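> Supplied in structure tokens, the structure appears directly below.
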Amino acid sequence: MCCLFGVVYCFFGYRCFKAVLFLTGLLFGSVVIFLLCYRERVLETQLSAGASAGIALGIGLLCGLVAMLVRSVGLFLVGLLLGLLLAAAALLGSAPYYQPGSVWGPLGLLLGGGLLCALLTLRWPRPLTTLATAVTGAALIATAADYFAELLLLGRYVVERLRAAPVPPLCWRSWALLALWPLLSLMGVLVQWRVTAEGDSHTEVVISRQRRRVQLMRIRQQEDRKEKRRKKRPPRAPLRGPRAPPRPGPPDPAYRRRPVPIKRFNGDVLSPSYIQSFRDRQTGSSLSSFMASPTDADYEYGSRGPLTACSGPPVRV
């Protein structure tokens, strides 16, 4: 189980950002509460290991949820864990050359390194989160390998080193397991940087959520302003009496077709003198009346001279 979590942390830490924050909060809360409950008396009673583990697990779950939901708290814990691991690695690396005289030296180094890395993680979350997950995963894998190879001999050496107690030097096998830690850390950083964490950013999700909230707030403010303006407007007085019917508009002009002009020629219309000649012939009057017809002078179209009588039967008009 420890090796599995180590692989996920080392190579997929930044990709599983929320899960890393939850597990980091769970780890810190569980370890701190377990040490307090198991080492100290609670309500004047000494709790057993099982009861202490149950209480630590419950409080650790709450701490994990807080770290996952509050991003700044989770980043602070991730940076704090990175600083503690780097300080422990510095103490292990300086074992052949430096032996602390009291416990305050290692404790000050752990606290100083943890706080410094925590603040730097809040300032640069992406690179330091990648580094922290790679270092933590490599430490878990090295611990699992130490358990199968030397039954946690390297782990006990680290604890005695932090207590500033005299310890025997390590053998080559322990140093080989310890060298596995920085090697896996470097591999984890490269894999996350080039493969698993490329193009992925947890800050974009936060920014998109903030933009949605801002847009919703603006829409609500605009709606509130519209409602206030409607309330401020005075109500219109109702009209007294029945309303007059609307006036009809001007009628549309009817389409009138222009008549086709009639072409008229001379001779198309019978002149009155011609008609009179037919009448005279029927009545047997003389032909002199054709020359003195007063109606021919004012007529515009017909001929003014008498027409020759045509031979044939008389025509009745």
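From the backbone N, Cα and C atoms, a Cβ is placed for every residue, glycine too.
Unlike curated entries, TrEMBL annotations are predicted automatically.
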> Given the ranges 107-125, 183-201, which one is assigned the annotation transmembrane segment in TrEMBL?
107-125
> Region 'Disordered' per TrEMBL: which of the ranges 45-65, 297-317 is that?
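In TrEMBL, the region 'Disordered' feature sits at 297-317.
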> Give the mean pLDDT for the domain 'TM7S3/TM198-like' (1-193) on the 0 to 100 scale.
84
